[in-house]
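Notes follow the structure.
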Amino acid sequence: MIQVLLVTICLAAFPYQGSSIILESGNVNDYEVIYPRKVTALPKGAVQPKYEDTMQYELKVNGEPVVLHLEKNKGLFSKDYSETHYSFDGRKITTNPSVEDHCYYHGRIENDADSTASISACNGLKGHFKLQGEMYLIEPLKLSDSEAHAVFKLKNVEKEDEAPKMCGVTQNWESYEPIKKASDLNLNPEHQRYVELFIVVDHGMYTKYNGDSDKIRQRVHQMVNIMKESYTYMYIDILLAGIEIWSNGDLINVQPASPNTLNSFGEWRETDLLKRKSHDNAQLLTSIAFDEQIIGRAYIGGICDPKRSTGVVQDHSEINLRVAVTMTHELGHNLGIHHDTDSCSCGGYSCIMSPVISDEPSKYFSDCSYIQCWEFIMNQKPQCILKKPLRTDTVSTPVSGNELLEAGIECDCGSLENPCCYATTCKMRPGSQCAEGLCCDQCRFMKKGTVCRVSMVDRNDDTCTGQSADCPRNGLYG
């Protein structure tokens, strides 16, 4: 369903800018206040959906107008997504909540091919976007008389502490048959792999967030939304298979010694979790402070192994992006990726697999990471990530909306307010060329040569053909 929502955001012109404020993301020294005003263009008589499939936001950043394009992350959850918690008497309670109409988006800034965005629209707009090479955060302000939001640069958030944050993995990379350049991989969609991810939240996290399971759930969903974007350009699709919250106490000994915690968690996954929940990889999200400034640890090349397809990650920052990048890093180890060296590059940024986690983390993998990941996959051939899992949004509905594009169906119509596609027939509306895709804008193919995906490794950017809504893959992406 392609639905355009235009929200005009006006920049406040009084003393909020430049002052200091404590937000959910931390103590921010310089920020702007903006006010979303929704202007909806819907067909006459159409019903406003709770969360549109696509949205556009018009806003001012540093006094300049920009347009933020967002698209719902339809492949965020696997079909059998589940949530588990424990009652006060220790009973395991598992549900399969409906997550088809979720509120998590990814996107880009108009006329900025290097831009990215990861946004939650659950309660206002919360997340981050990159504009002209600078990372910005946005979140609602808790003001009773308005819908004010704060927008600020990530670098303007005060450091939570000065200690370096480290990954606990120390092994060196030993290549199988070294590939000299990432471009030698010649990856294409046939190489696509799929990781069904299960995240366990320990009791310390449950206590840290005052037993607010909804807040914990949203934090995890936001993290996976970020992780999915980073792995997309590696031809690896991340789907969230489930969440388990240890609400009545830890089921393993979570301790400051990260090797011991990782070992215990791996054993628990093998003997308990795998017997009751199908998934490919499990990550423990904990509030405990590990020894030696370590914030994460994982088994290198452990993917698909009952015990070793695991990692442990400290919830070390109020900024969800930083924790999400840490979990992306640890999952990278499970996929055979080692730490970057000085010769590795992802286009001038601090890359995901840096052994020291930056306060301004990157969502990009380096050229070395591509080589190591796909050398591992091609040589070790892990089987669990080969099969494409069903997604929540591929469930059949009375009016198509299932993305399968069966015979005779021209578009994924979804619902009645789709401006590009008839919901009753799943045929294109007159004048429409497309309904979705990186090279589709307002139901029309974007011009030939329009950059639709930026390569951070070899600068061989992907561009639209002018004949399709799809963005063809040419380059390699960090």
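Using N, Cα and C of the backbone, Cβ positions are placed for all residues, glycine too.
Swiss-Prot records a disulfide bond between C384 and C304, which is the match among C304, C452, C464, C471. Swiss-Prot lists a disulfide bond between C440 and one candidate from C434, C452; that candidate is C434. Annotation in Swiss-Prot places C443 in a disulphide bond whose other cysteine, of C420, C421, C464, C471, is C420. Distance between Cα atoms for C368 (disulfide bond) and H339 (Zn(2+) binding site): 9 Å, as a whole number. Averaged across the domain 'Peptidase M12B' (193-389), pLDDT for the predicted model comes to 95. Annotation for H329 (Zn(2+) binding site): spatial neighbours C167, G296, I352, M353, I357, criterion Cβ-Cβ under 8 Å with sequence separation of six or more. Cα-Cα distance from C304 (disulfide bond) to E330 (active site): 15 Å (rounded to the nearest whole number). On a Cα basis, H339 (Zn(2+) binding site) lies 37 Å away from C440 (disulfide bond). Neighbour counts were taken at the CB atom with a 10 A radius for the disulfide-bonded residues C304, C351, C426, C443; the maximum falls on C351.
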